[in-house]
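I have placed the structure first, in the form of structure tokens, so that the comments after it can refer back to it.
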Amino acid sequence: MAELQQLQQLQEFDIPTGREALRGNHSALLRVANYCEDNYLQATDKRKALEETMAFTTQALASVAYQVGNLAGHTLRMLDLQGAALRQVEAKMSTLGQMVNMHMEKVARREIGTLATVVRLPSNQKVIPPESLPSLTPYHRKPLNFACLDDIGHGVKDLSTQLSRTGTLSRKSIKAPATPVSATLGRPPRIPEPVQLPAVPDGKLSAASSASSLASAGSAEGASGIPQSKGQVAPATPPPPPVAPVTPPPPPLSAEVFLPPPPLEVSQPPLEAELPLPPPPALEGDELGLLPPPPPGFGPDEPSWVPASYLEKVVTLYPYTRQKDNELSFSEGTVICVTRRYSDGWCEGVSSEGTGFFPGNYVEPSC
């Protein structure tokens, strides 16, 4: 407490008083200097005036030196007291830190001891029955109801297999018969008619069979329209009958009605004599497409700047101007021998310009 009171007295009284005394001596010394100058100029005895001036000067210097020394001593004393106070605060903070560390170590040891404790469960609590069992609903047998499936799917019957057995052209064939085939009943061969989409009731063709019949009919007509050669004249195909709104079901099969034979392959018209291709025009010596020269550094002889060992050769895609002294500057198409790669994307290599670093996304491997 005494040190704190002394420090407070120095800061509030002694040091400000010494500073005010120095300011007062400054103004007093100015007045003494003016007096001595006037006295020396007006005095008849210059020797006596000079001695008087020297005495005033000695007294003023002694007074100023005393006041400066006193103020400096007070300032040093204040600094010493402040250093001692700071050391006390530092010691207290160190003590508090040690206490906190000790407390944390105690807590950690307590937790470690808690985790290391063996928990032994009593042997009589292996199975704990529930407090109340849920009530079970008695089973009642219910008949199956298939009416819930009425709105699922569609009820259209597929008769595509039956149509394939009743004289319809094969769906996989795209060829037409070369000669007309006479039917058993004396009528011209029947051209398959395009089938329209039937209604929903049973006994009609499905959408899939109708689409396939249309595709087969169109393919048969397209195949029959191939032009014949001059030596072979195919008979004209009769026009198809008008399309009925709804195609009637096919007639029932009997022993007297036979299916027409499968259509024969239509002979392709002989191709005209192929003329030989004209020879390519003769190229002059200056019109020959010579290969472009390889980039520098890819000749049979390696340049002198290529190092003895390197990872690979790369070609620059874009020009780059170095930002630091240890980087490379290059233009587009420059060949660089990579000697080292870094994880940040930069590479180190050697080019005809020198050795340095360059960004790895400016180059691509050479072919």
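Keep in mind that glycine also has a Cβ here, set from the backbone N, Cα and C atoms.
Swiss-Prot has this to say about the protein:
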COMPBIAS  206-225  compositional bias 'Low complexity'
COMPBIAS  236-264  compositional bias 'Pro residues'
MOD_RES   S216  phosphoserine
MOD_RES   S219  phosphoserine
MOD_RES   S343  phosphoserine
REGION    163-273  region 'Disordered'
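Mapped onto three states, the DSSP output places S343 (phosphoserine) in coil. Of all Cβ atoms in the protein chains displayed, 5 besides its own lie within 10 Å of the Cβ of S343 (phosphoserine).
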